[in-house]
Amino acid sequence: MGKTVAHISFYTPWERKRIARIVFALLLGALVWSFFSNTLLHQLQKPVIKFPYVDPTYWIMHYLGIPELITGNFVMACTFDTALFASCILSFMYPEKRLYCWSFIILYFIYFITFNTFGTHHTNHKIGFLFIAIPFTVADYKSFNFLWQGLRYFLLFAYADAFLWKLFRLSWLHPDQGLLIMKKNVAAFLYFEPNTLQAGLYRWSLQHPAWVNGAYLVGMLLEGLFIVGFFTRKFDHYLFILSILLPVGFYLMADANFFEFLILNLTLINFHKLFVRAQ
Amino acid sequence: MKGTFLYQVWQHNRKLCYILTAFTMLTVCGNLLGDEVTPFFVWGMYSEKEKPVQQYEILKTTINDSTVVNVYDYYTTDTRFYLYSPLAYYKKIEDNNNVDPTVSFLQSKLHQHYDKIDFLERSFSNTGPQQQAFLDWYARYLQQVTNIPVHSLRMEVIKAHYTDQNLVTDTVHLFATWEKP
């Protein structure tokens, strides 16, 4: 891993507390968003079809009957959701109390698995919500800083890995790869929303496939740029902007939601400067 | 070497270093094998070569013979996800002769060794009763999201193809119906 850590000035316990408040406020906002999305566990109406696929973690969860137990009983599901909100609020109010952070992580892990399995697709974008809380589970501020940096590497890895998969699978050489991805993912949108501006953009793209295929290649190269972050922190503010642009591209080109992963962008921010300016 | 992240973690706290190294190694292994085991993720999205498709399938649900469910009326992608993805998976099971595609996938990979994980089948696949209960659940969830009392459902498959300019519908056929008992 990069030599960049030598240049890190560690966040102080005071700064850690403020970062925790920002993180848990965002997490609380995400939970409220889930409420309005009708995807909290008590709102799932006792789902029946599951999708553990070939992920042993999901198999274990279903073997233990945890997703079924919680969603199968309305009172249990309400209790679970209340506990999830409470752990998040308490972590926001008392960031130094690690028990609340641990509680949130365990509960959010169960929520993550249950949401994905009954949604019948393993979405990864919510993993940022789970991982971002981990650094706050340690007592000493130095370990917190190392875990926070570890999360930064995790973010860099996710994008760099996406680049490497495309590179080695040679999908960038595949004719019309970008266009075919778009066609597959926006068919329902064009059917249900044919008169919108976005549908107009897709129809224009069908007539100009070079732009869509070019956008796929540009997106791939932008993902590759995250490798730079392993060696230097100098370009973190550019990577921050890129990691906002890429989910916008995924959304427009493939109707894919990757916005929740943005929470890991916090690891690219220099909070020293931010807090000094705020003071 | 001394400037590296893991070396500094090692200097600070060996237990933490072991944990981070193990996480890194397992993630790298998962990526090399192409197998995802939560939380060791594989970020291979859109790297698979897309095959040209003649016809695309779109699922359309109508409530009480009058209200078409347009998932794009809902502003959050999670709502859309829950309205569309389980229904699509239910259809996949139907299309696969009522066998969960995960079972078919594992049988094709493991051959005779599949028997060894047979005892776990209920943990990774949907069986008949779950399939039969699906439409009842879907009606309940639609009622939760739309706030419309659901008495009946019609689920159709629209097959469509692309021209150079637009999506064109070819056929529409009914694949499932549900009536409130």
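Note: Cβ is positioned from N, Cα and C throughout, glycine not excepted.
Given the structure is predicted, the values throughout are model-derived calculations rather than measurements.
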Query raised in the report: Looking at A:45-68, A:69-92, which one is transmembrane segment according to TrEMBL?
Result: A:69-92
Query raised in the report: Sequence-remote contacts (6 or more beyond its ends) of the transmembrane segment (A:99-118), Cβ cut-off under 8 Å?
Result: 24, 27, 39, 41, 44, 47, 49-52, 57-58, 61-62, 66-67, 70-71, 80, 83-84, 87-88, 90-91, 126-127, 129-130, 133-134, 136-137
Report task. Any chance you could find the range in A:19-36, A:69-92, A:153-172 with the most Cβ pairs under 8 Å to the transmembrane segment (A:210-231)? Result -> A:153-172
